[in-house]
Ligand code: KG4
Ligand code: ZN
């Protein structure tokens, strides 16, 4: 079925962002995100506070998304929502809201896998951004995820590598915490890394077989290194902060690029699409660009607002599933560990 005038509302509430977006065919009309500031003082997301904040935010966020798109809820053809993976309490808010709205409007309900959505965000129509051709490799890197996925078509995806413990964003954030930086520390480490020497300090890369990742040992290595140096010189962090940040970032980028090299070698696929908040990192972007020259890659980075947690990516999946009439029933349940 190919209809030409489809409006779909997307709702995302899997972690600490309450988001809603309206898509008209493949084009985003509104993309509203309420980021929960409450977690900053705790240095990480507090699940109970997240779900409470979603409850407060969801009605105004959806209202704003419809208003910005300049449509009424009666014009919607379907409601798409994040079913998982994510924090259960957070997912329940978006799931219940989407179910009631679709039921009240008597329109289809569409369940969306958050990890698929990060990947399919590349298919939002946006001037100046190319869509990757199938098959391609998608690397999703954020505070909650680290995966390499082989994508053969919109809904034919295979996870070929993922973290066995922490996500790469956590490696940035937890290292930043050790250094006394605010949460999330990724952007600050990125900024300081530009002013420092990436080879000033050496951190060993974790040894993990195949295409999987591990970052918990890295964080511990940073902790022990800092403890040791601070013991010898209490001002070590202040005196070397830019170099430490540059060295941490350099090591993390090395880990990601090594695995991408292996993935392209094993699959023979050289189109690489990245997504997730960590893809904002300027060093990673540069390393991917360098990979185009060095390894013959073609790389795809979506518009930033579609790469951190957002509802536009849920809306585009909603649209693609709508075209296939792939709808959910009212008894669909949220799933914290939903797999691709
Ligand atoms: O996708 P996102 O907004 O939310 C989820 O975690 O799902 O990603 C947030 C993560 C945080 O860990 C943050 O530190 C990291 O993305 N991040 C960065 C940069 N900007 C955001 N990490 C490194 N460099 C950046 N420029
Ligand atoms: Zn995410």
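Positions of Cβ are set from backbone N, Cα and C atoms, glycine also.
Among 290, 309, 326, only 309 appears in TrEMBL as part of the Fe cation site alongside 114, 118. Substrate binds 140, 141, 142, 143, 144, 186, 190, 281 as TrEMBL records it, and from the list 130, 152, 156, 173 the residue named for this site is 173. For the domain 'Gcp-like' (27-315), the predicted model reports an average pLDDT of 96. Taking Cβ-Cβ distances under 8 Å and a sequence gap of 6 or more within the same chain, the neighbours of residue 114 (Fe cation binding site) are 12, 14, 82, 83, 84, 85, 86, 314, 338.
Of the recorded residues, residue 140 (substrate binding site) and residue 118 (Fe cation binding site) place their C-alpha atoms 7 Å from one another. Comparing residue 118 (Fe cation binding site) with residue 281 (substrate binding site), their Cα atoms are 17 Å apart once rounded. If you draw a 10 Å sphere around the CB of residue 281 (substrate binding site), it holds 24 other CB atoms from the protein chains shown.
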